[in-house]
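Peer 1: Take a look at the following structure, please.
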Amino acid sequence: MSPTLDRHVVTAVLVAHDGARWLPETLKALLTQARPVQRLLTVDTGSRDRGPAVLAEVIGAGKVLTLPRTTGYGEAVAEALRQDAASAPVPDDDPGHPRTEWVWLLHDDSAPAHDALAQLLRTADGDPNLAVLGPKVRDWDDRRVLREAGVAIDGAGRRETGIDRREFDQGQHDGVRDVLAVGSAGMLVRRDVWNRLGGFDVEFGMFRDDVDFCWRAHAAGHRVALAGDAVVYHAEAARRGVREVGMTAERPSRVDRRNALLTLLANQPLAPTLRALVRNVWASLVHALYLLIVKRPDAARQELGALGDVLRSPGRLRRARAARADGRTRVYRSVRRFQPRRVALSRAVEAVSEYLAAHERGREEPGDEIPADEPGPIQRLLARPGAVVVLALAAVALAAERSLVTAGGRLGGGALVPAWGGASDLWAQYTSGWHPVGLGTGAGSPPWVGVVAALSTLLFGKPWLVVAILLLGSVPLAGLTAYRASRVLVLEPPRTGRRARSSGRRIPVSVVRAWFAAVYALLPSATGAVAGGRLGTAVVHVLLPLIAVNAARMYGLPRAAADARTLRKRAARAAWAVALLLAVAMAFVPLVWPLALAGGGLVRALSARPGRVGRRNLAIALGVPPLLLLPWTAGLLLHPSRFLLEAGLHRAAGPAGAADLLALNPGGPGTSARWVLAGLLAVAVCALPLRSRRTTVLAGWLLAIFALLAAILTSAATVPKGADHAPAWPGVTLLFAAAGILLAATAAVQRGTEVLAGKHLIYKAGGAVVVLAALTAPVLAAAMWIIGGAGGPLGTTDPDAVPAFVREPGGPRTLVLHGDGKGRVSYTVLRDARPMLGESETPADGSAERRLDDLVAGLAAGREGDDGPALTRMGVQYILVPRPASDRLTGVLDAAPELTRLSRTGTFAVWRLQGASARMMLLDGPAVTPLPAGKTGARVRIPPGTGPRTLLLAEPSDGGWRASLDGRDVKARTVDGWAQGYEIPAAGGDFALTRDMTMRHAWVIVQGVAVLLVAVLALPGARSDTLMPTGERERGRGRRARAKARPGRHNRRDPGEPQEPAPAAEMPLPREPADDKDVPQDSLEVASEERS
């Protein structure tokens, strides 16, 4: 032993609570330390297992302090240190040198490595300012896995251990470094510091008392450090829920959360405490809502209960803050550097990584070896075909969309309206019962606006970011969802018969799934949707694989070994998931629902006996979506042509001929050549003779044929949308057709990969041809998309493309005219600033549209008359023509006597109508007086006049307006056959205009509750409520068990690593002592005998 280590006196305190499962190994590790402790204090807190007997046999019955079962860890340690044995004299061979007293804290489930204490003391020798030291903590079951390398707490109370999930110890955390705190399992504390700080706060009981103590040590001017060369193996039994916590009847999660809040609020200065309080109240409410959504009501109750415990006990918090006042402000700045930031973001990234890798877990073959050297995270990521294909698709999309990614401004053009404003603007638009857009309408906004508003809220209130991710990121996102769906749609065949006797190495099914995802992601409909700004098609492209996989699960595919009740529950959850996803897809592209309805009817007809449960699930999947989207779906049923529209503007794409449709190409910019998917189609045809996968092949071809027929009918229809008339785009129907073709082709590719591993040369050649033909589809599609780019109508929009006076909020309206060169004129009415998402889908009043159609037709034809004054009475003051040099309307408008041209650039030309115009006007004979008005309501003083007058509100007269003059209702009438008007007496008065939106707000609330209910029903059931899931522990234990069962397998072990414990059921427990003579009298003598 080093002479310097002799100058330390260590008192070890071991607290046991139902720990018989771990105590034998913990005691052996403690008593065989390379540097033994001088004093050993053992405490048992009312154990109900063999733990007290184990302690009595090894330590001695009279040396075990027994406390009530409700005693917390900090209180148990404090009581042990009050005993006479804690201050027993220790022989001193060199009285001339001062000695340092230490307290070493241990749990019954924490076994220190052979040299753990020696390493801790060597670290303490290096700096006299070190007052609290902690070891590196590894997992009890998988001794390679790190659990802690110091402990920290972030602003939301999350416990951070400084290591990644299942991170292996490769020496990366060795050495000494300052930390905010160390865990109590293996904590070494200078005894004078322990006494001065009063030890652990006994009111904590358990959890976070170590962080609180270390924070107080920092405030007292002491140093807290991690000694990375010291190792303790910890089972974390209480945190993982492996054993019952006897201290309290409360759930561990509630105690942990409450103590986390107390630690934050008691140890920070006042201003940060107030910020932390507000943040954590909000975080707890959001977390509780999330727990309710994922069907964990008890966990949500514990979360809110912990918050309530803190808020209901201000006296306790006040006492805690008073006890920690010294040094709190001074040390705050230095402690902040230890608090982790962006924890939620890092955990979200980790969750995505787990999502990508989920299909790879649990697929180890019984004979697979565990590699001695585990690869790093990047190597593990690149070893997964799913991750590789998503990254490759992201790179392809980035290269193809280079002109859009590098350009500034918001995306716009084609069918896409630029996403101006923020999430609050979209929410206001969606929940409002009146929309001051165009000529004004009381109809509800399309439901997809609500979806974008919800996503914008999650993405920091930025709708433009949501649109960019959904549109530009649709290709890699579709690859991700397709690969995820391939787990159910692309199954690995059983190795039986000739397949089991294959001589060659088979291509893994994960590679086929990656090919499946790549082909689906790069379909012509997908790339054409990006170039054309078709947000609806892009969203359906991403959601369709998820709808398909849940539909398969709804019918019990793939077959799983489970009881009938479990299978019914899974099918019901899948039905609700289909309903939710189908509702979102229908909101963006209404045609998805009739296609799904026809597909469901086809499945129903082909099913032999679907049964009552099957019929109910099908009714849920197909009947719930239109109900969730009411009253919007009522407008679809009243106007069936709207089923052929989708989110955004209705713009014509390039014509698609019959050959294009058969080649799954919808036409228009951004789509690949028709021969790009020739290899895929040929492989799908080759799948028809297959017998082993006949059901899959026939289902795919039936879906493809049905969807192709729908695409032909869709492309032949011309659909009106406001003033726009254009053929419907068959992109979504061709997505369905391509999905069917891909499903059939996948069967052929899988068969081709099987025969490649066979013995027959001819079959292998045929399989190679099939595989190579299949590979041409994603390779050619990606190459052509990169070369051609995502060019098309989509681009970036300049917010200053129109004059400032046209964009003035509250100003008059602007009529934007578009001439197509063939005599047809379309128009758009702008008011206030810029067009908003969903404006074009908000149905306008029919009488107002007909009135404006007639006036625009006369204006474009150069008709003489009162078209100009009539336009001003509709609130229009300006007329704008984009690209005036190429539009014949420029000359017609220049010649109109009622128009005055204000400006002309290469981008636009603007004219002003003679006469005043406003949203609200007072008509007194031929005189027109504009009146101030807000976007919806108005309040204005009307002066007296010479006689009765008419107040004209340039909004449709739909019965929803309420007006009063000096508190009395005003008689309403319709003006010009469409507008709302009111009769104003000569005396004038205070005029007030309002619109009641109670019904719309109530309906949105009902809709939100319904969507939330469907989402809850679609999610999996609740899991056990533990602070740390045992899945990793069980997974690690399973690997170790498999490794030990293999002959010739040698596990690496650190020199100081204790032997692995046997399972609890097999662990031999020490015999009970017959009398005091059998009890060892001195534990330290036992330790020395074992070392000798």
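Each position is counted from 1, following the chain as shown.
Glycine is treated like the rest: Cβ placed from N, Cα and C.
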Peer 1: Looking at 388-408, 535-555, which stretch does TrEMBL describe as transmembrane segment?
Peer 2: 535-555
Peer 1: Using Cβ atoms and a strict cutoff of less than 8 Å, what residues sit near the transmembrane segment (728-749) while being 6 or more residues removed from its termini?
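Peer 2: Those are 489-490, 512, 515-516, 519-520, 523-526, 528-529, 532, 534, 536-537, 540-541, 544-545, 548, 589, 591-592, 595, 599, 644-646, 653, 656, 661, 664-666, 668, 677, 680-681, 683-684, 686-688, 690, 693, 696-697, 699-708, 710-712, 714-715, 717-719, 770-771, 774, in sequence order.
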Peer 1: Other than its close neighbours in sequence, what residues sit by the transmembrane segment (575-597), given a CB gap under 8 Å and a spacing of at least six beyond its ends?
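Peer 2: For the transmembrane segment (575-597), the list is 446-448, 450-451, 535-537, 539-540, 543-544, 546-547, 550-551, 554, 616-618, 620-626, 628-629, 632, 636, 642-647, 707, 710, 714, 732-733, 736, 1011, 1014-1015, 1017-1018.
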Peer 1: Give residue numbers and ranges for long-range contacts of the transmembrane segment (761-787): same chain, 6 or more residues beyond its ends, CB-CB under 8 A.
Peer 2: 396, 399-400, 504, 507, 515, 518-519, 522-524, 527, 670, 672-673, 676-680, 682-683, 686, 745, 748-749, 751-755
